[in-house]
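J.: Dumping what TrEMBL says about this protein:
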TRANSMEM  B:9-30  transmembrane segment
DOMAIN    B:114-322  domain 'ABC transmembrane type-1'
TRANSMEM  B:116-138  transmembrane segment
TRANSMEM  B:150-175  transmembrane segment
TRANSMEM  B:195-215  transmembrane segment
TRANSMEM  B:257-279  transmembrane segment
TRANSMEM  B:299-325  transmembrane segment
Amino acid sequence: MTDHEHKDDAVPAKKVKAGKGTDAAKAESPEAESPTAESKAESTKATGTTGASVTPEDAAPARGAGGLASSGTAAGEPELEKQPPKAFLEVRDLRVHFPTQDGLVKSVDGLSFSLEKGKTLGIVGESGSGKSVTSLGLMGLHTVGQYGRQRPHLSGEIWLNGQELLTADPDEMRKLRGREISMIFQDPLSALHPFFTVGDQIVEAYRVHHKVDKKAARRRAIELLDRVGIPEPAKRFSSYPHEFSGGMRQRAMIAMSLVNNPELLIADEPTTALDVTVQAQILDLIRDLQQEFGSAVIIITHDLGVVAELSDDILVMYGGRCVEYGTAEKVFYEPQHPYTWGLLGSMPRIDRDRADRLIPVKGSPPSLINIPQGCAFNPRCPYADVPAGGVTRTERPELRETQPGHLSACHMEPEDRQRIWTEEIVPKL
Amino acid sequence: MLTYLIRRLFAVAVMLVVIILAVFCIFFLIPKWTGTDPATMFVGKQADKESIEGIRQKLQLDDPVLVQLFEFFKGIFFGRDYVGGGDTTHCSAPCFGYSFRSEQEIWPVLTDRLPVTLSLALGAAIIWLLIGLSVGVLSALKRGSLWDRLAMTGALAGVSLPVYFTGLLSLAVFAYQFDLVANSFTPFGENVSKWFSGMILPWITLAFLFGAMYARLTRATMLEVMGEDYIRTARAKGLKEPVVIGKHAMRSTMTPILTLLGIDIGALMGGAILTETTFSIPGLGQAVLKAINERDLPLILGVTLITATAVVIANLIVDLLYGVIDPRVRLG
């Protein structure tokens, strides 16, 4: 209890940085922000404990590629809402909820991150953690073509180049799709239309956004096919997807997504459906093309090896929320969250004894309808019993900065975490 | 492509021979086993022994089965001569024999009636495709809406209401009560506008039945296709929704519909018996109904062969079109 009071004391000192106006607004009308009030209290309390005084409002624009924002905090400040950020892409408190007969599926529940041009963000998590739902949300694909189905509820903000996408006009959003934001899908065989030639599909993607004749579009398509490493591009232009190998198909898919020089490229598990030998080639290709085109890239994967190869920043998702977010180096070499430890342990090590090669994360992902009340990872966390300064299990850990440029959502005290990481995890990895 | 076509045509030829064989067995062996004498049927029960014997000779009914089969085949491909009773009757190819009742050659009867049935089937097919596809697509896109429920209820009615009910009802209302269209059939060669006026109700009646099935199929296929990854890709490109549906989704939806269309049109060549009877259209269906009633074996046989051939050919056309629509089944 004393601990609790101490934390509350820390709040005003920290909040000064966020601007007096917001502080006053908070004090005067705490009930106005009732949905987020609880989480905000937790958040600020937590920040007080660690002593770091970073709020997303002032931190995010300044940080560039590593712009780190915590979830749930932007919603309460009305005067800061809908303000275009300086970052190229900024996602604030994104929520995607699917109403179903069994209840509300909270696939993404308060996700925030930002990304600069030319940088790569890796979003990592297991199946059902909300990675793909996030990417479709960025593309605005949750709201089109939901014929007769209940539309998902989307809230939060997605800022791209100073434009807010969630509130954008649908036709405006459509024009951005494929031109400003484009996407590479997981399985190129099912993502390409089986009845149209690869070339025609690329030409179509180009001509939606460019008023050019078929010949010029064809030249552009062949140029792109050549660029992504398809031999004899002029000949392969007229091939159908089923006549391509898996790797070639994904190359063609990449060519299609780059044909309009998009500023943001989202690659949703681009190598999952491919042979291991081809995976590396495709990753190399994506990296080369990013350098050439200067796009921002979000790479979504469950494979830490993939993000290690490509990413500047890494965001680890669990149960629809961000549990760890930081630069690739920080997340890889000093991971703070037990789930990230688990992911690292799940990468097989051939140089170990057979029994130690793989350390799986036990249990299965949480149901997104009944997400555990406190920490979503708690039921699977091997360190759930480590005492964490008076917090109860029903309290949800908020994302807070543990080191500059590194956020994590875990109740454990930093000392405990450091100790477990160096003494228990590192020797096993 | 050419070798595939040749192979398929060869398969069609084999198929037709098999069908002829089967038809021969049914129409020549079964009467023999059941004791019905084709000769008696030909001349009538009251005829005297001699004329029956004469016919038996003429139709070569006493010859060994294989000889009969040979003559039957020969008749179809080269024509045959019926010798007996002192005179010779030449039946030119394709010879299906003579009607037991009218004693007319079968083939001219078929060629008279085939175009009528064909025009009925094709006209109806155009209407049911237009209605079925548009209703099906709209229902799929508005799944669960009031429109969808109404359309699917209508489709259920279309599938379950018999043609003689909808046909007679439409005749009573549109032809007799309001006099909007002709109430009887006029041959195309006689008066084109009267023919058209007389065909409208049969077309619509037939199309209502088939359109209902096509609407249900289109809706189901469309719903499945809309969940495909490549539809999401099409949207991710920034294509407008009408293009996504009209081009990307429709292309895939067409495949099962085309298959069904081939079978349906082929089968209708055997005569839309109920529709033709309801509207007194002198097509194959009406002819075969009469033939069945009168045990007119050669006529039944002729219509059966025509129907089988039509189904086989329609399927061949569908398979070739399949290759045009779906590059994955394009064969070398």
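The backbone N, Cα and C atoms fix where each Cβ goes, glycine too.
Describe the structural surroundings of these features, if you would.
T.: Beyond its flanks by at least six residues, the transmembrane segment (B:150-175) meets 135, 138-139, 181-183, 201-202, 204-206, 208-209, 211-213, 215-216, 219, 272, 274-275, 277-279 of its own chain at Cβ-Cβ distances under 8 Å.
Outside the transmembrane segment (B:195-215) by six or more residues, the chain places 119-121, 123-125, 127-129, 131-133, 135-136, 139, 151-152, 154-159, 161, 163, 166-167, 170-171, 174-175, 181-188, 257, 260, 264, 268, 272, 275-276, 278-279, 281 with a CB less than 8 A from a CB of the stretch.
Sequence-distant contacts of the transmembrane segment (B:257-279) (same chain, at least 6 residues past either end, Cβ-Cβ under 8 Å): 114, 117-118, 120-122, 124-125, 129, 132-133, 162-164, 167-168, 171, 184-185, 198, 201-202, 205-206, 210, 213-214, 217-218, 221, 285-289, 303-304, 306-307, 310-315, 317-318, 321-322, 325.
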J.: Could you give the residue numbers and ranges of same-chain residues that sit at least 6 residues beyond the transmembrane segment (B:116-138) on either side and whose C-beta is under 8 angstroms from one of its C-beta atoms?
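T.: Apart from its flanks, the transmembrane segment (B:116-138) reaches 147-148, 151, 154-155, 185, 187-188, 199, 202-204, 206-219, 221-222, 245, 250, 253, 257, 261, 264-265, 268-269, 271-272, 275-276, 281-285.
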